[in-house]
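Take a look at the structure set out below.
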Amino acid sequence: MIAYLVLLLAILSRILPHVFATTSVGFTAVGGGLLFFGARRSRWQTIIAVLALMATDFYLTTYVYGAAFHASAYLVTWAWYAAICLLGHQMLSGKPSMLRVGGAVLASSTSFFILSNFMVWAGSGMYPHSLAGLAACYVAAIPFYANDVMSTAITAGALFGLPALAASIAESLRESQDKHLPLA
């Protein structure tokens with residue numbers, strides 16, 4: 001159940017900045033939310049997360065940006081959504097370590113940076129179709145990458161770290177109480 005609430009949080013983090021006319025410059029809960037969803041749900045339930053984010057892309061494109069929706073323009077993004085859920089399932093199911101969460105955060109943010117900006121370069125007229133144009137596209141996207149790494153790290157850190165912290169505190173309290181119980 002909590003995985004679905006996290007998915008809802010990820011979707012809202014994409015929509016709400018537009019509702020309140022603010023820009024988040026790539027600061028969303030999507031990466032961390034997908035990693036968590038993937039870790040907590042079966043691989044087959046990845047389709048639920050992808051479909052929910054597809055609907056979000058449709059809503060943002062048509063109603064917020066007022067543009068025509070072309071599904072083909074989103075295929076790489078949708079494949080990335082699925083891949084990040086599967087990465088979460090593969091790396092973070094069971095008992096994830098800080099190292100595994102950090103690795104998954106860097107892998108998800110870096111893969112999105114590389115793929116999405118390559119598609120911007122290849123599929124739009126914003127940059128010349130040359131090596132210099134590709135480099136310019138990646139350089140222009142660095143602030144978005146930094147914010148994506150930070151937001152994914154914060155989200156994944158909270159989602160995976162807080163339950164571990166709570167379990168550790170509960171264990172410490174149990175051990176402390178056991179030491180102070182009178183022997184019968």
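In case you wondered, yes, glycine gets a Cβ from its N, Cα and C as well.
Taken from TrEMBL as is:
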TRANSMEM  45-66  transmembrane segment
TRANSMEM  73-92  transmembrane segment
TRANSMEM  98-120  transmembrane segment
TRANSMEM  127-146  transmembrane segment
TRANSMEM  152-170  transmembrane segment
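If you count C-beta pairs under 8 angstroms between the transmembrane segment (152-170) and each of 45-66, 73-92, 98-120, 127-146, the highest count goes to 98-120. Nonlocal intrachain contacts for the transmembrane segment (127-146), taken as residues 6+ away from its ends with a CB within less than 8 angstroms of a stretch CB, comprise 25-26, 109-110, 113, 116-118, 120-121. Sequence-distant contacts of the transmembrane segment (45-66) (same chain, six or more residues past either end, CB-CB distance under 8 Å): 4, 7, 10-11, 14-15, 18, 30, 34, 37-38, 74, 77-78, 81-82, 85-86, 89.
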